[in-house]
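Student: Heads up, here are the entries from TrEMBL:
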COMPBIAS  588-599  compositional bias 'Basic and acidic residues'
REGION    588-631  region 'Disordered'
TRANSMEM  6-25  transmembrane segment
TRANSMEM  55-76  transmembrane segment
TRANSMEM  88-110  transmembrane segment
TRANSMEM  122-143  transmembrane segment
TRANSMEM  164-184  transmembrane segment
TRANSMEM  204-228  transmembrane segment
TRANSMEM  283-301  transmembrane segment
TRANSMEM  364-383  transmembrane segment
TRANSMEM  488-508  transmembrane segment
TRANSMEM  520-540  transmembrane segment
TRANSMEM  552-576  transmembrane segment
């Protein structure tokens, strides 16, 4: 009783439901978990699983795409079956299992039987990581549309001010969790750990996010008795899909010339659905039509975590007193967002508005151009990196031919007393395999940034396990290093593009659709993100562009073309006020009700005058049902 009185006092003093505390803490921990894991993911693919850049990029973007597809599934489950509370609980359990699975997949000692620091059974680690990523995508995407809405449900109608404050704090937790995790997990990854051999600690970098997800789940469950749990009310997306499906099928059935044409193809749904619903769907379809070119923006934007992070691995992160890890450069994005959003809203937009009518669609167009400029900058940085990449050659002093290769580069067959061509390799630890017809040995070396090396294989080398110390390495050219600071301009332009495109796009979408259709637009918006990531997958695996700078320029060019198309579509778009259109239909509905009452009264009088008369109607069942519904 005393605890209940204390809780009631807190609610009265603060004006907020105590359950909000658990939801906010849950969101912070979950976002830390997701973004922390995602920050180091592409480097895990490249350096732990030993995948090349294209495969690492492809799997990364496949995972991100799934994370933006599953929210639609989560919303349908919550609204039509389990309710928000149970959906969050069940999918959070799936989510936590996925994070733990990822942490286990990164423990190299599990399959490192020869204790050389490299897993012997890579299939086990790949399978575990893929299962983990699938469960994480299902969990994080499934709860994404539920948590914020569930938090909003905790407020009563007279707490509108507190509800607005809650959403501000809620999204602050998202950005805070994202920023902190992107700083912390790369530091954890850079540590060395292991039972038998010390390697980069990906297991710790995944383990801490897994622990935070477990904390998020426990905190949410602890607050269970304090939540208001609304019953499932049905999902508007299913109603919209059914209405559109009926309109299309009805149009196909009545495609002959004997049937009168209708102003809009959605009007064919009037035989079964309410005119107001059809009008609302028409408004949504106008906005969704504008979404068609949008995936290309996300194609460029989400490469911050893949191509740009891989680019940073070939650069020098030494900023004097501070050494930046390649996967920490992503923190520039949230820092710039917190800086640019208030500047844009209070200074940039008002100044531009004084010169031109800077409509939301024009802002989005400029945002696309900003993203294209960012990738031009990335291309220029890549050219500078290519100039400073490490070159190496091998000189064979033995009396027989030798093969030399690495996981990423095949140096080739080197004849006796001859030398190889120069080969380009990236920084980090490189393991070379040197073999003859019957024997082989490994030679490893840690490479910094830039420079040129010559490796001399002596004539008395015994090809076997002890050749590490017999090969002589000479540094021919001192490093010519590209610094990570060169990436700051591309991060600035992509973040400015995000503020003008993403924030404005959601604001525009919500202003152009009825309140009950906002979930449909959110689903459409998330779908554009997913499609954008699939485009990266296609380019990485199909195009196979040999030069990375050329791929950056290709993406920039494609976005400029899409930007022109979008600007033409935006030019012909007419802004609407959904509330006014709905009010017109409501008024028509009231007028029709009065007419129906008069018609009904008139019909009853006719029945009284001619009670022995009969009436028949030759028509199909659909028309009978329609007349019954109208009556």
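Glycine is no exception: its Cβ is also placed from the backbone N, Cα and C atoms.
Not measured: the values here are computed from a predicted model.
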Student: Restricting to the same chain and to residues at least six past its boundaries, which positions have a Cβ under 8 Å from a Cβ of the transmembrane segment (364-383)?
Tutor: 296-297, 300-301, 307-308, 311, 482, 486-487, 489-494, 496-502, 504-505, 508, 548-550, 552-553, 555-557, 559-560, 562-563, 566-567, 570
Student: Spell out yes or no: are there three or more C-beta pairs under 8 angstroms between the transmembrane segment (552-576) and the transmembrane segment (283-301), with each pair 6 or more apart in sequence?
Tutor: yes
Student: Taking pairs 6 or more apart in sequence, does the count of Cβ pairs under 8 Å between the transmembrane segment (520-540) and the transmembrane segment (283-301) hit 3 or more?
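Tutor: Answer yes, regions in contact.
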Student: For the transmembrane segment (204-228), which recorded stretch in the set 88-110, 122-143, 283-301, 488-508 gives the largest number of Cβ pairs separated by under 8 Å?
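Tutor: Comparing 88-110, 122-143, 283-301, 488-508: 88-110 has the most Cβ pairs near the transmembrane segment (204-228).
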Student: What same-chain residues lie close to the transmembrane segment (488-508): Cβ under 8 Å, and 6 or more beyond its ends?
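Tutor: Sequence-remote neighbours of the transmembrane segment (488-508) are 287, 294, 297, 300-301, 304, 308, 329, 332-333, 336-337, 340-341, 344, 360-361, 363-364, 366-371, 373-375, 377-378, 381, 525.
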Student: Could you pull out which residues elsewhere in the chain have a CB under 8 Å from any CB of the transmembrane segment (88-110), counting only those six or more residues past its ends?
Tutor: 30, 33, 37, 44, 48, 74, 82, 117-119, 124-125, 128-129, 131-140, 142-143, 146-147, 150, 194-197, 199, 202-203, 205-207, 209-210, 213-214, 216-217, 220-221
Student: Where else in the chain does the transmembrane segment (164-184) make close Cβ contacts, counting only residues six or more beyond its ends and a cut-off under 8 Å?
Tutor: 16, 20, 23-24, 27-36, 39, 148, 151-152, 155, 208-209, 327-328, 330-331, 334-335, 337-338
Student: Please give the sequence-distant neighbours of the transmembrane segment (283-301): residues at least 6 beyond its ends with Cβ less than 8 Å from one of its Cβ atoms.
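Tutor: For the transmembrane segment (283-301), the sequence-distant neighbours (Cβ-Cβ under 8 Å, at least 6 residues beyond its ends) are 240, 266, 361, 367-368, 371-372, 374-375, 494, 497-498, 501, 505, 508-509, 512-514, 517, 520-521, 524-525, 527-529, 531-533, 535-536, 539, 555-556, 558-559, 562-563, 565-566, 569-570, 573, 576, 578, 581.
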